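The next block holds one structure in the form of structure tokens; read it before the comments.
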4 protein chains.
Amino acid sequence: MVRVAVIGGSGYTGGELLRLLLVHDKVEITMVTSREYAGKPISLVHPNLRGYLNLNFSQFSLDKLGDKADTVFLSLPHGVSLNYVPKILEMGMQVVDLSADFRLKDPSVYKIWYGIEHPYTDLLEKAVYGLPELHYDDLRRAKLIASPGCNATATILALAPVAYNKLASQMRFISDVKVSSSEGGAKPTEGSHHPERQNAIRPYDAEGHRHEAEAEQELSRLAGSPVKVSIVPHAVSSVRGALSSSHIWLDQPLDDMDVWRKTAEFYRGRKFIRIVRGGIHPYPDPKYVLGSNFADIGFAQERRISRLTMFSAIDNLMKGAAGQAVQSFNISNGFAEDTGLKSPPLRPV
Amino acid sequence: MVRVAVIGGSGYTGGELLRLLLVHDKVEITMVTSREYAGKPISLVHPNLRGYLNLNFSQFSLDKLGDKADTVFLSLPHGVSLNYVPKILEMGMQVVDLSADFRLKDPSVYKIWYGIEHPYTDLLEKAVYGLPELHYDDLRRAKLIASPGCNATATILALAPVAYNKLASQMRFISDVKVSSSEGGAKPTEGSHHPERQNAIRPYDAEGHRHEAEAEQELSRLAGSPVKVSIVPHAVSSVRGALSSSHIWLDQPLDDMDVWRKTAEFYRGRKFIRIVRGGIHPYPDPKYVLGSNFADIGFAQERRISRLTMFSAIDNLMKGAAGQAVQSFNISNGFAEDTGLKSPPLRPV
Amino acid sequence: MVRVAVIGGSGYTGGELLRLLLVHDKVEITMVTSREYAGKPISLVHPNLRGYLNLNFSQFSLDKLGDKADTVFLSLPHGVSLNYVPKILEMGMQVVDLSADFRLKDPSVYKIWYGIEHPYTDLLEKAVYGLPELHYDDLRRAKLIASPGCNATATILALAPVAYNKLASQMRFISDVKVSSSEGGAKPTEGSHHPERQNAIRPYDAEGHRHEAEAEQELSRLAGSPVKVSIVPHAVSSVRGALSSSHIWLDQPLDDMDVWRKTAEFYRGRKFIRIVRGGIHPYPDPKYVLGSNFADIGFAQERRISRLTMFSAIDNLMKGAAGQAVQSFNISNGFAEDTGLKSPPLRPV
Amino acid sequence: MVRVAVIGGSGYTGGELLRLLLVHDKVEITMVTSREYAGKPISLVHPNLRGYLNLNFSQFSLDKLGDKADTVFLSLPHGVSLNYVPKILEMGMQVVDLSADFRLKDPSVYKIWYGIEHPYTDLLEKAVYGLPELHYDDLRRAKLIASPGCNATATILALAPVAYNKLASQMRFISDVKVSSSEGGAKPTEGSHHPERQNAIRPYDAEGHRHEAEAEQELSRLAGSPVKVSIVPHAVSSVRGALSSSHIWLDQPLDDMDVWRKTAEFYRGRKFIRIVRGGIHPYPDPKYVLGSNFADIGFAQERRISRLTMFSAIDNLMKGAAGQAVQSFNISNGFAEDTGLKSPPLRPV
């Protein structure tokens, strides 16, 4: 049994990690922290977990952590993980960090997007970007896993086969993402107030979304040359699920079967990728992956004007956050990739 | 033209008052106040009103009010209106108060439900409870109108024909109300956070809802004897609309046609009451009154066990708040009851 | 491994059974039938199950069934199961019937509610009503399980402690139920059309809901005397989840702690019942049981007028249908009650 | 008073026309037809209109129409209007056609997109494309108005200032549209079934949407050279409202103020266009135009990689259908453009 601690356990990603780890048969949860709720029962904040665990939230401290955990999941705001990761690693524990702090390889790019000098550039190098479909081998025995952002995950998974196969000569993409409200986290804001958020179709962060940095890093690596990605997110009414519609202007129309084959080949053997094409539900829809770690990938081409759209549908709290973190954790600990992640998506919901 | 001021114009009821009064052809809006947004454009807070008015919110003050308004709509929290109403009346203006401060006639009942001695018991007497279907004549030339609460409105309108006609010997009713999120106002809370509120079916205030006091006052008056009303509200996923299902145990089954006739007779000539029975949509549903001032009234009887349920469906911001306030204002100023309230409900939405 | 067949596998209950049974480690799915989709891949109809099984739907026939299954789950319309159950039992297989055909013990009551003479009254007697919280012992080795209806489940679980403890002298209850759209099944209708159904708060079946027969049967048995139950369902906007607010007039106010204790005692040791009281989420809400087999039970009392409301929240496709069927199946086959049902509820969703 | 007939009055567009025309003070509704509901009361199908009109639906016939109407609104499926329009015009009545039958000027383009030879090419020439922001002058005294499609309206209004001002050298655009369920009409389908449609983020018609033909026709005209438009619609959970996010690759970054100024100048004096930029709600959102005829227009630029996105938000049944038809009707009859269209958007809803 791997003893795990969840640092920052009161948010939605923390709650989703608990939901998964509680029934993960290689794992024992030994510590769950929350600054705000320390001392209070976990089920007070996560009423779905009533009856599952008697643990209270505790205050975070490196001392206590030391003898309690083998792996530490950090579900903290960006800029906060930075301060703990080096010490936790020194103490010999594995870190799965769900913040953006260790996702970018190039410190100068980090500075551009996050506005500060990264204090641990050596760790940027050592960290493995926790997208198992691209970094499976690096993840075996990784000590520091930087788990990707949700919009980045959706965008990269949609575009990876295109970038890798260089399906267009101009490598610039627009990822028009539709996201559900849980992506914004558990903290109420004016914009998340139900009467304002429900029935909204609301663009936001439309002039330089930070996940573009991750997406460009990963897709450029696959293409072997610089790729430009523009992510334009839109808040829609659902609570869970995200769809990326990644639009590409082609040089000329492609053979649909060829696009399908290259996509399928790229993802061959990847347990959490399902290629969707045809049938009653011809395109991916996050509705059909809810509660699971799947990314459904598909595409549509308008041959008349050489437009290709790659779609990817994920559950933003699963493949877009906690599920993917557990998947990477599994690989790095030598467990089957889908340990604790086998439940089919819930439908309809 | 009646010059009107809206005091507390940044909330949902304030916004709805503006939406109605802006196109009301007997009214000129001269002042809209907001403590939080004073000095800022109204359309910043109410983006639906972009292009309709160039007014900024102003800070509330009795001095400025004096020469600017004939009627003052008070859309302030309970306990705040109390302090302004006597002075505004003294200055010769009409008051339409949307808070609970002047709804109850009996000061001792007020104290039980609101926990304080009412400082202006003489005004309690003078105030007219602004439910035009029950107090049309009193409303002509009323100087102080106490506009009813939304759950009270739904409950009273459902049960008035039953109380008036004494359809049961035991005059105690359970009004199981289903309410939309806008009823909770414009201020974000943990419970109104979209991921928490959407898809909830959540009972609240289930052990003594304050609107019971109003409902019992009005229904007892109609019955000529004490009536007991228990209101149990439930938050559901929609943004607008409320349904009261008011359950009654009868002494014996009634003739359905008789219930229908007594209900129709009770509301004869009332412009905003529609009796619903049969057809594709046999019972009232707030979905079909949205954006309008209608209350749709219907019923279902289970003769086998002598259970009667009276339904009433309203738009909580219209018949449950701003629409009803304008209706009362119209009557009290000698205008047709439906001035500015003629648009049919929006459907589907 | 128990070999199971799912007869009627293309609806929502069928799909939910598959979702559960696919990852149930004591079960092998050997046959899934559908009249409409015979010959077509199961994932065409249930896109959430893409990648989980390669089985096609087959046409139902008793012959083929014979050597393929140990247990048969029947997810067929009311009145259809009737014809198959006796033969399947004769062939030595166990039957878990999710229709209403074998739920009522008394043939005369069956006739009143379903309008026909029951052709197999001997089987009515043998069938076990598959509500494990009331019939755990009978379910061990049951050969014919009649799985309860969703609104009946919600109502009975809310009221069982009240009936058993005779908390009121007048044993008549109004169960005001709020139900999600998946309860209506997978077949599109005028009323289920999204623009009509979304944002509706719509009473239906309000003059004699058939689930009352089950509820009265079970609650009368517990009370030891006739109990009257009136169920008034309302369609609300969510896709999954049902809440029963079961209203009771008491003779006099009860001690809240006493109600709590009697409820907790009644359900002591029951794995899928969680008693909810106090905290941030003081009452049950189906939102917090989604995707699980839990029934959350709570209550609110208005002492002033001696009104008690018992709440129960379930996922209508789980504890209200497929989950409960699997729970009963587990018990009857000697497995732990929660085999294949351990995943915590999904939240938020 | 203009006497109007609504042919095809039982759908959502027909219902919305009725909602508007009933309170339009220059109009008298003399006939409303429906093949399916002939002889039945209009409020049976449109329960929001209960109490507004006593008219029944009638069977459509040219004879009866002749002496009853000055203007005929045709809200019929594509390919059906074709057969009636020439005769109605001959009989001297004005036609406002909400189908696609007379929107395209070039018969060869019509054939490509609709698969048949257009039988009345002379009328194609005479018809005025009823987008008043582009064809105001042509609409005065127009006898045949071809009212635009909803996705076309959203796309054209977003892109018109870009095309007119030639803001990019490569005139090809991707309009990623998010649409609500009412856009699909009143007829239930598998895809519109509430449990399937709610919480979906579902691409559809993604390989050659017919509205592209209209959009290319109008935008090419404005640009004075061929423009290519790819429309990719996505079904989201709301009932009303559509947002076009029209993406453009620029040659180089533009000055934001310049984009704003050119957009504002292009739409100067247009009553139903509101330019949105900055504030709490910096981008258009259909939520803030619901129930009104407004199109809110805004934009976001990512200067780093020269991507411009033009946003337009409309109510698909208003500016996207019935509202725009009434606007064109007003202009063509010499009424103020906003007659009967003055109510502000409903909010929140």
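Glycine residues also receive a Cβ, built from the backbone N, Cα and C atoms like all the rest.
Since we're looking at a predicted model, the values are computed, not measured.
Per-residue confidence over the domain 'Semialdehyde dehydrogenase NAD-binding' (B:3-142) averages 96 (mean pLDDT, predicted model). The domain 'Semialdehyde dehydrogenase NAD-binding' annotation in TrEMBL covers B:3-142.
Secondary structure at B:S10 (NADP(+) binding site), taken from DSSP and collapsed to helix, strand or coil, is coil. According to TrEMBL, the NADP(+) binding site annotation covers B:S10, B:G11, B:Y12, B:T13, B:N316.
Following the DSSP three-state reduction, the secondary structure of B:C150 (active site) is helix. When other Cβ atoms within 10 Å of the Cβ of B:C150 (active site) are tallied across all protein chains shown, the result is 26. Under the heading active site, TrEMBL lists B:C150.
Note on the binding-site residues B:S10, B:T13, B:N316: the fewest other CB atoms within 10 A surround the CB of B:S10. According to DSSP, B:N316 (NADP(+) binding site) is assigned to coil rather than to any helix or strand.
In this view, the densest Cβ surroundings among the binding-site residues B:G11, B:Y12 belong to B:Y12, judged by other Cβ atoms lying within 10 Å.
Using a 10 Å Cα-Cα cut-off around B:C150 (active site), the binding-site residues B:Y12, B:T13, B:N316 reduce to B:N316. Proximity to chain D, taken as a Cβ less than 8 Å from one of its Cβ atoms, holds for none of the binding-site residues B:S10, B:G11, B:N316. Using DSSP to sort the residues of the domain 'Semialdehyde dehydrogenase NAD-binding' (B:3-142) gives these counts of helix, strand and coil: 54 helix, 25 strand, 61 coil.
Farthest C-alpha pair in the NADP(+)-binding residues B:S10, B:G11, B:Y12, B:T13, B:N316: 17 Å apart. Proximity to chain A, defined as a CB-CB distance below 8 A, holds for none of the recorded positions B:G11, B:C150, B:N316.
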